[in-house]
């Protein structure tokens, strides 16, 4: 199956974010698409119609730049294969909670206000001139011209980019690197959610399936390392089970040889609401994405040891397993039947030191 097409790929399972990003990838390559050699600058460039549909930041740095993209946070693909993005309707100068999904062609005839345009308690715009977009151009439009409004400031960017705090203050090249490098973080033995986040951490942890959420409200009946049993407290329909059993993954190998391990967060007797996080997965802490650790960092020169991209770390980081991760590799060996009988599998190999055999 994975050999059947260039676009049929092993899932990138390094961490929960890399899974979500891989599933939201948009490619101009593959059968019926472009080739790297033939694609010019125009195809790779950011276009005004990307707004809210394709992320202008997250793309590979190499020969695929601009050909492989990521869907924006709120975008979706309609039944005709066009990417749509949501907007709030503005009726008689009043911002409503009605949301419409529009393709780039449908949006061209509208004047669209920014998501953070100031609105009073009645839903009317405060300013006379509003920063808005019309036919791909940015302009200051009178408030009575506005017909739609963005749903959120993060609808412009992808999930990975939306996890970068203060994204608007960063240089474009650096945030592109940041979006791509978050996908390379390996799950640590002890995960730690960031002190400074953007509010998307919980969403990514849940939507990736790394953190387990409860389907129904109930009381925890049984908990051990491998499963959680919750007795439903709501009305149970006839023919439905009154008990939900959640099986946890323990020390599974991912496609990237990282370790997938889920840990229960609840105790027997706990009252659970529907949608509560009941178990953590790889790179999550209390249902929040946790790609790294909150260590103390100093920005200072240190005898040239941290020149350019070099960093100097304390010995305690190694000793206390602060950045230790578990990796699981799988090997296969054939034991054949020979003329002299079957081959033996043993760690008793002559003339090989104990150090070389320590993992056998």
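Residue positions begin at 1 at the first shown residue.
Backbone N, Cα and C atoms are what each Cβ position is placed from, and that goes for glycine too.
It should be emphasised that the depicted structure is a prediction, and the values quoted were computed from it without experimental measurement.
As recorded in TrEMBL, the features of this protein are as follows:
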| type | residues | note |
| --- | --- | --- |
| DOMAIN | 9-77 | domain 'RNA polymerase Rpb2' |
| DOMAIN | 87-152 | domain 'DNA-directed RNA polymerase beta subunit external 1' |
| DOMAIN | 214-360 | domain 'DNA-directed RNA polymerase subunit 2 hybrid-binding' |
**Study point:** Residue distribution over DSSP helix, strand and coil in the domain 'DNA-directed RNA polymerase beta subunit external 1' (87-152)
**Key:** 7 helix, 35 strand, 24 coil
Check your understanding: Would you list the DSSP helix, strand and coil counts for the residues of the domain 'DNA-directed RNA polymerase subunit 2 hybrid-binding' (214-360)?
Key -> 9 helix, 41 strand, 97 coil
Check your understanding: Across the domain 'RNA polymerase Rpb2' (9-77), what is the average pLDDT of the model, as a whole number?
Key -> 93
